[in-house]
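Participant: Please read through the structure below; I'll follow up with questions.
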Amino acid sequence: MPLPEPLNIKAWVEENEHLLKPPVNNFCLHRGGFTVMIVGGPNERSDYHINQTPEYFYQYKGTMCLKVVDEGKFRDIYIREGDTFLLPPNVPHNPCRFENTVGIVVEQDRPKGVNDRIRWYCARCESIVCEEEFYLTDLGTQIKDAIVAFDSNIEAKTCKNCGHVNSSKREPAEF
């Protein structure tokens, strides 16, 4: 099989930006060994993803905020247009994408036996509310399925520490 031609990101985004809107917000450009996604904004997710492999971010258009838990403390990392960032393994993170932004994310395929986690923290007291662990084979469906399951389960959404009922959605981020 001959090698594919290079992809012009600018032209692709101009032709396909409609694919980068809610509810999906992303398009997989490549699968096999690693996944390359183009991701648009805005998004509303409140969950934190934890994977045991690094995750690479390149911000093509606009600014995004990568919410992380860094050594037990919540912190925001702003990745501006033209910036790149390599997130180390096992860092809880929530990529907040603003309106009219486009980024590229690269994730390594998970080795057998290496599970991902999706975690929700309480919006009021920051305690862990719920955490699900799974072997990730399809970024496009499995995280969405976990979010839908969380949002439909009042017990999973209720903080055991303070009683606050949380949501899978947050207010759309603005910069």
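Backbone N, Cα and C define each Cβ position, glycine as well.
This is the feature table in Swiss-Prot:
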BINDING   Arg45  O2 binding site
BINDING   His49, Glu55, His93  Fe cation binding site
BINDING   Glu55, Arg97, Glu107  substrate binding site
BINDING   Cys122, Cys125, Cys159, Cys162  divalent metal cation binding site
Participant: Could you say which of the binding-site residues Arg45, His49, Arg97 has its Cβ with the most other Cβ atoms inside 10 Å?
Facilitator: Arg97
Participant: State the three-class DSSP label for Cys125 (divalent metal cation binding site), counting H, G and I as helix, E and B as strand, and everything else as coil.
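Facilitator: In the DSSP reduction, Cys125 (divalent metal cation binding site) maps to coil.
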Participant: In terms of DSSP three-state secondary structure, what is the assignment for Glu55 (Fe cation binding site)?
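Facilitator: Strand, per DSSP.
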Participant: How many Å separate the Cα atoms of Cys125 (divalent metal cation binding site) and His49 (Fe cation binding site)?
Facilitator: 19
Participant: To test your reading of the substrate site: which residues beyond Glu55, Arg97, Glu107, same chain only, put their Cβ within 8 Å of the Cβ centroid of those residues?
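Facilitator: Result: Met37, Val39, His49, Tyr56, Phe57, Leu87, His93, Pro95, Gly103, Val105, Val106.
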Participant: Relative to the mean position of the Cβ atoms of Cys122, Cys125, Cys159, Cys162, the recorded divalent metal cation site, which additional same-chain residues have Cβ within 8 Å?
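Facilitator: Once Cys122, Cys125, Cys159, Cys162 are set aside, the remaining close residues are Ala123, Arg124, Glu126, Ser127, Val129, Lys160, Asn161, Gly163, His164, Asn166.
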Participant: Between Arg45 (O2 binding site) and His93 (Fe cation binding site), what is the CA-CA distance rounded to a whole number of Å?
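Facilitator: Cα-Cα distance, Arg45 (O2 binding site) to His93 (Fe cation binding site): 11 Å.
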Participant: For the recorded Fe cation site, whose residues are His49, Glu55, His93, find every other residue on that chain with a C-beta no more than 8 angstroms from the centre of their C-beta atoms, and list them by sequence position.
Facilitator: Tyr48, Ile50, Asn51, Leu66, Leu87, Val91, Pro92, Asn94, Pro95
Participant: In whole Å, note down how far the CA of Arg97 (substrate binding site) lies from the CA of Glu55 (Fe cation binding site).
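Facilitator: So the alpha carbons of Glu55 (Fe cation binding site) and Arg97 (substrate binding site) sit roughly 16 Å from each other.
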Participant: In the structure shown, which of the binding-site residues Cys122, Cys162 has the fewest Cβ neighbours within 10 Å?
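Facilitator: Taking Cys122, Cys162 as the binding-site residues, the minimal 10 Å Cβ count falls on Cys162.
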Participant: Here's one to test understanding: among the binding-site residues Cys122, Cys159, Cys162, whose C-alpha is closest in space to the C-alpha of His93 (Fe cation binding site)?
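Facilitator: Sorting the binding-site residues by distance from His93 (Fe cation binding site), the top entry is Cys122.
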